[in-house]
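Listed features, source Swiss-Prot:
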ACT_SITE  CYS457  active site, cysteine persulfide intermediate
BINDING   LEU184, ILE185, LYS266, GLY288, GLN297  ATP binding site
DISULFID  CYS345-CYS457  disulfide bond
DOMAIN    62-166  domain 'THUMP'
DOMAIN    405-483  domain 'Rhodanese'
Amino acid sequence: MKFIIKLFPEITIKSQSVRLRFIKILTTNIRNVLKHLEDDTLAIVRHWDHIELRTKDGNLGPEICDALTRIPGIHHILEVEDRSYSDMHNIFEQTLEAYRETLVGKTFCVRVKRRGKHEFSSGDVERYVGGGLNQHIESAKVNLTRPQVTVNLEVDQDKLILVKARHEGLGGFPIGTQEDVLSLISGGFDSGVSSYMLMRRGCRVHYCFFNLGGSAHEIGVKQVAHYLWNRFGSSHRVRFIAIDFEPVVGEILEKVEDGQMGVVLKRMMVRAASQVAERYGVQALVTGEALGQVSSQTLTNLRLIDNASDTLILRPLISHDKEHIINLARQIGTEDFAKTMPEYCGVISKSPTVKAVKAKIEEEESHFDFSILDRVVSEAKNVDIREIAQQSREQVVEVETVAELADTDVLLDIRAPDEQEEKPLKLDQVEVRSLPFYKLSSQFADLDQSKTYLLYCDRGVMSRLQALYLREQGYTNVKVYRP
């Protein structure tokens, strides 16, 4: 079985030295991706305008073809069969044998590519073979503009190459031809698509996740990152860095004015990610921000977010609308992950600014204890992406959700103080206590552990994440309250 791998057109217009480097990297990437097949008969040979792949194990054909369609740098893949030929009539006879059943009742055209010196041209072969097929298959008709079947042939010196199938590739540049980037991934639609777009452009994409509460969300995001890597970037080893950002969020909620919280949080994330990028020699950050999508993504606010660090920030989705982003997520397979990913509800301003003022932002940040940011970055967890598959299979501790309260239960309102003031929680015959989520990890141990505590927040997301975290710490007296 033989495959001819055609290069992405942008590769073919590079200078000779760059083109050779790109082809060499693409060949190495293909070998790395197919290494798990353990096929001793697999042979990959690079040429000036294509890469040739052969295997004697025909059963591996579908798996090889599927893998090739997901490797950046490949324009299309031709599944071919090599034959020898004697003359133009012999080419027609072999084509008729191969395509007779396929062309019954169909419109068709013949397309020929030729390399070498011959007594005939490509057009001569197209006319001769096409006319012969039209005469010998009565129900078939020639259609040169919109054929149902295109008969693709290649004549290479003394070989006839019958193209049995054509499969579209991913396009783009081979991973490793551009420098590394660090994607700020949240598991939603935007960050997954932006990560994919940079992989397709030839970057090795590492992942940085800011954990805003509990392991359930982290495991979900790890699964998204592993899926993207396994599907499009498994030719290279990458890092997954998880940063516990809950202490930073708590400091923002206590020290920063409501309207400035969103921009300040993004600036803190950029600062933290920049430190991580510098640590690992990564050249740029990648975010899924789109212009005007939310309040922090206006031009004014994006400029202020950029000013928090000297590191280059790439935003491949900046001009894309949400519908287009969701369609892209559907195409690459991350839509289902994104739809079920919990959205963090801890830092939601009642009146977020859409045109932040630099002096005001800097004044608010002057109240922030930056030693907290330095600490969470220094404690960041660095995981090899290949280890995530095993970690993701581990059971997540289940937390019971209740809709009714017992007299002995204590309800913990874990919302931020301003949310509690705006929508006070009043329940008869049940003790209600206020303990913002960002204080749970440090103050829950001080509570009476003989009682059962029900955690409450508006959406039920933060309460579940915090309950999971407490269960992992060994506390069994926690549940989630969802009326």
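Each Cβ is built from the backbone N, Cα and C atoms, and glycine gets one as well.
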Cβ-Cβ distance under 8 Å to LEU184 (ATP binding site), same chain, at least six residues away: SER191, CYS208, PHE209, PHE210, MET269, ALA273, LEU285, VAL286, THR287, GLY288
Rounded distance in angstrom between the Cα atoms of GLN297 (ATP binding site) and CYS457 (active site, cysteine persulfide intermediate): 26
Cβ neighbours of GLN297 (ATP binding site) where a neighbour is any other Cβ within 10 Å: 21
Largest separation between Cα atoms (Å) of residues that the record links to ATP, namely LEU184, ILE185, LYS266, GLY288, GLN297: 16
Separation of alpha carbons, CYS457 (active site, cysteine persulfide intermediate) and LYS266 (ATP binding site) (Å): 23
ILE185 (ATP binding site): tally of other CB atoms within 10 A of its CB: 27
Average pLDDT across the domain 'THUMP' (62-166), rounded to a whole number: 93
Within the domain 'THUMP' (62-166), residues counted as helix, strand or coil by DSSP: 38 helix, 38 strand, 29 coil
Euclidean distance between Cα atoms of the residue listed as 'active site, cysteine persulfide intermediate' and ILE185 (ATP binding site), Å: 24
Number of helical, extended and coil residues in the domain 'Rhodanese' (405-483), per DSSP: 28 helix, 16 strand, 35 coil
CB contacts for the residue listed as 'active site, cysteine persulfide intermediate' [other CB atoms within 10 A, all chains]: 23
For LYS266 (ATP binding site), the number of other Cβ atoms found within 10 Å of its own Cβ: 22
